[in-house]
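Asks: My structure is below; once you've seen it, I'll send some questions.
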Amino acid sequence: MSQAEFDKAAEEVKNLKTKPADDEMLFIYSHYKQATVGDINTERPGMLDFKGKAKWDAWNQLKGTSKEDAMKSYIDKVEELKKKYGI
């Protein structure tokens, strides 16, 4: 697993033939943020921002996960989604 593989997966996920399910998108989002930013560094969105809260919660669950582990999980998930949805 390398930065190049991660970057490639980040581009490929944008080209899936079908948009993944919400839970799959949250997985992709949270692992991307953990790999690129690290532990969450923002306040939780307000109570009416349901989408923002879901994304924040998913990322927050990865607190303490290393960049390398987040990248590997992200790449593995993109490979799974490519098989499921096509590219």
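Cβ coordinates come from backbone N, Cα and C, glycine included.
So Swiss-Prot lists these for the protein:
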BINDING   Lys14, Tyr29, Ser30, His31, Tyr32, Lys33, Lys51, Lys55, Tyr74  acyl-CoA binding site
DOMAIN    2-87  domain 'ACB'
MOD_RES   Ser2  N-acetylserine
MOD_RES   Lys8  N6-acetyllysine
MOD_RES   Lys17  N6-succinyllysine
MOD_RES   Lys19  N6-acetyllysine
MOD_RES   Tyr29  phosphotyrosine
MOD_RES   Lys51  N6-acetyllysine
MOD_RES   Lys55  N6-succinyllysine
MOD_RES   Lys55  N6-(2-hydroxyisobutyryl)lysine
MOD_RES   Lys55  N6-acetyllysine
MOD_RES   Lys55  N6-malonyllysine
MOD_RES   Lys77  N6-succinyllysine
MOD_RES   Lys77  N6-acetyllysine
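Help me picture where these features are in the structure shown.
Replies: Cβ neighbour count for Lys55 (N6-succinyllysine) (all protein chains, 10 Å cutoff from its Cβ): 17.
Long-range neighbours of Ser2 (N-acetylserine) (same chain, six or more residues apart, CB within less than 8 Å of its CB): none.
For Lys8 (N6-acetyllysine), no same-chain residue lying six or more positions away in sequence has a CB closer than 8 A to its CB.
Cβ neighbours of Lys17 (N6-succinyllysine) (same chain, under 8 Å, six or more residues apart in sequence): Tyr85, Gly86, Ile87.
In three-state terms derived from DSSP, Lys19 (N6-acetyllysine) belongs to neither a helical nor a strand segment and is classed as coil. If you draw a 10 Å sphere around the CB of Lys19 (N6-acetyllysine), it holds 9 other CB atoms from the protein chains shown.
Taken residue by residue with DSSP, Tyr29 (phosphotyrosine) is part of a helix.
Under 8 Å, Cβ to Cβ, and six or more positions away along its own chain, Lys51 (acyl-CoA binding site) finds no residue.
Under the three-state DSSP scheme, Lys55 (N6-succinyllysine) falls in the helix class.
Counting only residues at least six positions away in the same chain, the Cβ atoms of Glu24, Phe27, Ile28, His31 sit under 8 Å from the Cβ of Lys77 (N6-succinyllysine). DSSP assigns Lys77 (N6-succinyllysine) to a helix.
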Asks: Rounded to the nearest angstrom, how far is the Cα of Lys19 (N6-acetyllysine) from the Cα of Tyr32 (acyl-CoA binding site)?
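Replies: The Cα atom of Tyr32 (acyl-CoA binding site) is 17 Å away from the Cα atom of Lys19 (N6-acetyllysine).
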Asks: Residues with Cβ closer than 8 Å to the Cβ of Ser30 (acyl-CoA binding site), same chain and 6+ apart in sequence?
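Replies: When sequence neighbours closer than 6 are ignored, Ser30 (acyl-CoA binding site) has Lys55, Ala58, Trp59, Gln61, Leu62 within Cβ distance under 8 Å.
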Asks: Of the residues in the domain 'ACB' (2-87), how many are helix, strand and coil by DSSP?
Replies: 58 helix, 0 strand, 28 coil
